[in-house]
Structures are given as C-alpha cells and as structure tokens.
Amino acid sequence: MEANHQRNDLGLVALTMLAQYHNISLNPEEIKHKFDLDGKGLSLTAWLLAAKSLALKAKHIKKEVSRLHLVNLPALVWQDNGKHFLLVKVDTDNNRYLTYDLEKDAPQILSQDEFEACYQGQLILVTSRASVVGQLAKFDFTWFIPAVIKYRKIFLETLIVSIFLQIFALITPLFFQVVMDKVLVHRGFSTLNIITVALAIVIIFEIVLSGLRTYVFSHSTSRIDVELGAKLFRHLLSLPISYFENRRVGDTVARVRELDQIRNFLTGQALTSVLDLLFSFIFFAVMWYYSPKLTLVILGSLPCYILWSIFISPILRRRLDDKFARSADNQAFLVESVTAINMIKAMAVAPQMTDTWDKQLASYVSSSFRVTVLATIGQQGVQLIQKTVMVINLWLGAHLVISGDLSIGQLIAFNMLSGQVIAPVIRLAQLWQDFQQVGISVTRLGDVLNSPTEQYQGKLSLPEIKGDISFKNIRFRYKPDAPTILNNVNLEIRQGEVIGIVGRSGSGKSTLTKLLQRFYIPENGQVLIDGHDLALADPNWLRRQIGVVLQDNVLLNRSIRENIALSDPGMPMERVIYAAKLAGAHDFISELREGYNTIVGEQGAGLSGGQRQRIAIARALVNNPKILIFDEATSALDYESEHIIMQNMQKICQGRTVILIAHRLSTVKNADRIIVMEKGEIVEQGKHHELLQNSNGLYSYLHQLQLN
C-alpha cells in the first residue's frame with residue numbers, strides 16, 4: 001500500500017530516482033512526513049526544499065522546447081496537474097525525446113509532437129552539491145591546472161631556464177653573422193678566436209641548462225603522475241559495486257591503462273615544445289629587424305600548419321577512438337579467456353576461441369594501421385610545408401643579398417632563427433598524434449574518475465552493532481528500466497537469530513543481503529540495523545561489522561595468514577588460528593609445508609575448493625562480526641568439507657545474527673526461522689517442520705524435489 005501511495009505522488013517518486021542517480025540516499029516516508037504537509041503530494045516549493053535538504057541543488061526554470069538540448073539531463077518536467085515525468089535525453093537529429101513515465105514506471109520515446117503535447121514549459125534542473133563544490137569535479141584537461149598551481153615553483157624554475165635557453169638560442173645566430181660579415185671579410189683571426197671561445201661557452205651552458213630543464217620538468221611531472229595514479233586507484237576502489245557489474249573487467253582495465261598514455265605525454269617532449277613555441281614571439285621581433293619580407297613568409301606558413309592540423313585532427317581522433325574500442329575488446333576477451341581457461345580446456349573450445357581472437361586481433365591491427373597511415377600523412381604534410389617555406393626563403397633571401405638589402409651573414413642568421421621558430425611548431429605538429437591520443441586517454445580515464453563514488457562524508461558511524469535487522473516495505477530494482485527484484489518485502493530478524501532464506505533462482509535472496517551490506521539503496525522502504533537506517537550509515541563502518549561468505553570466494557595471491565587477516569594485517573596470530581579452527585581449516589593448514597605462510601596462488605589456485613571456502617569462512621569470522629551472511633557458502637563443497645563446516649556451525653553462530661542462503665534445504669533445516677521467497681516476495685516463513693506441514697507450500701514442494 002505504501003509503495004502504491006508513493007507512486008501516486010509522482011514528485012516524490014521523481015525526487016527518489018534523481019537522488020539515486022546522484023548517489024544520494026533518502027527515506028521517502030521521512031521526506032513525505034516533513035514536506036507533504038497537506039497529504040496531497042509535494043508542491044513545487046516543497047519539492048525544491050526537499051531537494052535542498054538532500055544536498056541537491058535544484059532550480060526551477062522555464063525553457064522552450066527548442067532549447068532543451070542545452071540543459072543538463074536528467075531533469076524533472078514539472079506539470080501543474082501532477083503528471084510529472086523525467087526528461088532523460090534529447091535526440092536533436094531525429095527530434096525524439098527519451099523520457100521516463102513515473103506513473104507507468106517505464107521509459108518512453110516521444111516524437112516532437114507527442115512531447116510538445118505534454119510539455120508545459122516548466123523544468124527542474126537537479127545537480128549534486130558535491131559536484132558544485134568540486135567533490136565530483138569532472139576529470140578533463142582542467143584537472144591538471146590545480147596540479148600545475150601546486151608545483152608552480154618548480155614550473156617557474158623551468159620557465160626561467162627556458163628564458164635563458166632562448167637567449168642562448170638568439171646569441172648563436174648573431175655569432176655566425178659576425179663571423180660571416182666581419183671575420184671572413186677582414187680576416188680577423190683574433191676576433192674569430194674570441195667568438196669561438198664565447199660560442200663554446202654558450203653551447204656548454206645551453207647543454208647544461210637544457211638537461212637541467214628536462215630533469216626538473218620530468219621530476220615535477222612524475223609527481224603529478226604519482227598523484228593521478230594514487231587518485232585513480234582510490235577512486236576505483238570507492239566506486240559502487242554497480243559500476244563493476246555493468247562493465248566488463250577488460251574495459252575497466254583498458255581505461256586504467258590509459259594512464260600510461262598520459263604519463264608518456266607528461267614526461268615527453270610535447271610540453272617543453274609548447275614552452276619553446278611561446279618564446280617564438282621574441283624571435284619574430286628579431287627576424288623582423290633583419291627582413292620583414294622573409295619574416296612574412298615564415299608567418300604565412302603558420303596558418304598552413306594550423307589548417308593542416310585542423311583537417312587531419314577529426315579524422316585522426318575518430319580512428320583513435322576506433323583503435324581504443326578494439327583494443328578494449330581485445331583486453332576484455334583476453335581477461336575473459338584467461339579467467340575461464342579451465343572451462344576452455346575442459347570443453348576443448350580452444351580453436352573457436354583462437355579463431356575469435358584472430359579476428360579481433362586482425363581488426364585491431366587494421367585499425368592501428370589506419371591510424372599510423374593517417375599520422376604519417378599528417379607528418380609528411382608538415383614536412384612539405386616546411387620544405388616549401390625553405391625554398392621560398394632561399395630564393396627570396398638570395399635576391400635580397402644580390403640587391404644589397406641583406407648581407408650573407410644576416411641571411412644565415414635569419415635562417416638559423418627561423419629554424420628555432422619552426423622547430424617547436426614542427427615538433428608539435430609531429431606530436432599531434434600524441435595530443436589526440438592523450439585527449440582520448442583523458443576521456444576514457446574520465447569514465448572512471450567522473451563516475452560518482454559511494455558517499456562517505458556526512459554518513460553516520462555508529463557504535464558496535466548488536467544484530468537486530470529490519471527490512472521495511474522494500475522495493476528494489478537494479479536499473480530504472482529493469483524488472484522489480486524485491487517487492488514490498490517486510491522482514492524482522494532478532495539479535496542472535498539464525499535465519500535461513502530459500503527459494504528458486506532469481507527470487508531475490510542474494511539481493512536482500514546486498515541491500516544489507518549497502519551495495520545498493522532500495523527504491524522504496526528502509527533497511528535498518530539496531531533501528532538505524534543504513535541509507536544514512538557509513539558503508540565502511542557497516543561492512544567492517546558484517547562477515548560475508550559467498551559461493552565463489554576470491555583469495556588474494558598472498559599467504560594464508562595474510563588472507564585471513566586481510567582487514568587487519570597486524571592482528572595477533574592467536575586470533576588467526578582461532579578463526580581457522582572455528583572454520584575447520586586449522587588441521588589442513590597445519591599439514592601444509594609452510595603452514596599459515598603458504599602462498600595460496602592467484603585466486604587461491606593452489607588450494608582445493610573446500611580449502612578455499614574454509615579459509616574464506618575464517619576470514620569472515622576473524623573480526624568477530626555480529627552479523628554473518630552465508631550466501632550459498634556450502635553449495636559447491638563436497639560432503640566431507642560441508643560436514644566439517646556444519647559441525648562447527650553452532651560455534652560459528654554463537655552470539656551472532658546469521659543469515660543462511662541456500663538451495664540445499666539440509667543447510668537451513670536447523671535454522672531458528674526459514675524464509676521462503678518467490679518472485680521478490682516472502683511467501684512463507686517458519687521452522688522446518690512447520691513449513692513441511694503445508695503440503696501445498698513452495699518449501700514443501702522444494703523439499704520433495706530434493707528428496708526425489
């Protein structure tokens with residue numbers, strides 16, 4: 001009833017969905033109690049105040065249909081009749097609008113006429129205040145600006161060194177001019193000796209300063225690289241579980257590897273070339289003093305370089321995008337193949353997998369070749385412009401020398417100066433592929449860094465939990481357009497109670513425990529522990545006090561001791577051994593040559609399935625959690641391993657609230673209470689013998705199937 005009542009207030013439904021989109025939890029009943037004073041639904045003012053209370057920045061605007069593509073989406077289309085809906089995307093090419101019908105609880109695609117018929121011109125734009133103050137600041141090239149400001153002293157030193165290098169670059173052509181016009185004409189050997197010594201000193205200083213600049217610059221960019229790498233890994237581990245469930249492992253790995261491209265760009269010659277290019281204006285002034293005509297030729301070539309880059313860049317970027325996509329596909333396929341190597345060998349499907357790999361690899365190589373060809377064409381175009389300018393300057397310069405407007409020394413000095421000007425331009429043009437590549441890398445890495453993390457700030461860190469659990473009116477789905485997984489679930493679990501949860505696959509058993517661990521926030525209702533709403537709790541505080549054992553547990557490539565004591569590497573050995581004994585793992589660990597120091601291999605490959613599972617149980621017990629979840633923890637074990645664990649189950653459950661999820665009913669028959677789920681709802685609950693008395697019940701049916 002409460003879910004249906006909330007559905008009648010579409011403003012509250014919209015606020016709930018937009019809050020979830022911005023990774024902000026809320027209690028709809030609490031919002032309704034505070035802001036829906038007359039019980040008729042949230043008014044416009046009440047809606048804006050409710051959004052503000054959730055740290056959302058909401059703004060009511062009036063916008064013409066033709067300008068909707070300019071606003072930040074999703075946004076709430078406010079209707080005076082209460083039939084609000086969400087505007088998710090505007091397709092300007094096809095004049096279509098992706099909306100979400102809050103009343104029907106389903107997405108819709110509307111034509112221009114259909115949208116205009118229901119649009120009243122009112123829109124509520126919603127953004128997270130965290131993004132406004134920079135907590136969710138977008139990762140792009142502007143991210144590096146604070147880093148540059150932070151290390152401004154080092155970059156200032158680099159700038160000063162660059163100024164001296166440019167001064168030395170000016171002196172060298174002047175020396176050559178003096179030698180050509182004065183020394184050779186007047187046979188001044190003493191002057192030649194002085195100039196030679198001075199030139200040698202300048203060259204030595206230039207080499208030393210150039211090396212010093214490269215060192216200082218590389219040192220500072222390495223610091224930025226370390227900061228970015230650390231930020232990336234912290235952010236990756238802070239992302240919600242839904243981020244990883246919606247993406248292939250290979251895609252995520254490929255995006256993280258783009259950090260290498262950014263690193264190469266930061267530590268390469270591209271940025272120093274940019275500095276050199278900035279000082280080119282000084283050279284232009286000196287070159288203009290020598291010959292305005294020749295300088296105009298050089299200046300006239302610069303638009304040619306720019307136009308050529310503008311022509312090549314979009315094509316190159318598209319090809320780089322395609323290259324990355326194919327590289328990510330290869331990465332994902334490789335990770336998938338290595339992970340599933342046992343299945344591949346068992347089914348003898350290596351030829352099929354190899355054939356798929358060969359096709360994908362050929363596609364990637366072809367894409368990479370197209371990038372190389374286009375980059376080569378771009379570089380040769382730059383060379384063509386450079387050679388053409390050189391020929392024009394040679395012809396025009398020779399005419400100026402013959403006519404007496406320019407000396408031979410001045411012509412040589414001018415050509416040397418023009419080389420100093422053009423060199424960074426050419427380097428930048430040749431490095432344009434790197435610029436495009438790093439742009440792609442920043443965008444791909446932004447997919448990780450721009451994804452909102454789980455919110456920890458402002459969350460409650462409560463005292464040690466006791467173990468009372470309450471699910472109230474829970475309604476949940478994994479995506480807005482996905483089917484409902486849990487519907488109106490109400491469940492009270494008392495402290496110290498052992499609860500078994502059974503049901504068909506897909507009935508929502510594991511989803512309940514994911515909500516309990518706050519991996520997800522329910523669309524409606526509350527999950528409470530000791531009366532505290534988990535939507536307001538710090539996820540780390542919560543998860544440290546819950547022990548979880550899954551069907552397929554992952555062990556890290558470390559020693560058994562390190563795996564058990566993963567949450568507290570410095571814990572006493574006595575606690576590790578006690579947890580191992582409780583899990584029935586101590587005996588087989590003691591028989592290993594290295595005992596608790598045995599390296600288990602990647603994902604525990606050096607151990608049997610039963611051994612891995614018992615270590616996982618020990619890992620879950622070592623912190624003495626007040627809530628323990630066994631999610632199909634024994635379903636894949638042999639009977640001996642399961643028997644060992646079940647023998648210790650009474651000790652394991654002592655003083656804890658335990659939730660046992662199982663398909664094998666023998667695992668839960670001794671539970672204090674058994675919950676039977678079907679299609680996201682609780683259909684039966686009671687003790688084993690009580691449920692068997694209902695011969696028409698689902699539990700009795702499942703029990704009969706297992707007996708047969």
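Cβ from N, Cα, C; glycine included.
From the options 389-409, 410-430, the stretch Swiss-Prot describes as transmembrane segment is 389-409.
Taking the mean position of the Cβ atoms of G503, R504, S505, G506, S507, G508, K509, S510 as the ATP site, the remaining residues of that chain whose Cβ falls within 8 Å of it are T511, M677.
Long-range Cβ contacts of K509 (ATP binding site) within its own chain (separation 6+, distance under 8 Å): I501, V502, G503, D631, I661, M677. Here the transmembrane segment (389-409) has Cβ contacts under 8 Å with residues 176-182, 290-291, 293-294, 297-298, 301, 415, 418, 422 of the same chain, all six or more residues outside its ends. DSSP classifies R504 (ATP binding site) as coil under the three-state reduction. Counting other Cβ atoms within 10 Å of each Cβ, the binding-site residues G503, G506, G508 show the lowest value at G506.
Confidence for the domain 'Peptidase C39' (1-126), expressed as mean pLDDT, is 80.
Just so you know, the Cβ of S507 (ATP binding site) picks up 22 other Cβ atoms within 10 Å once every protein chain is counted.
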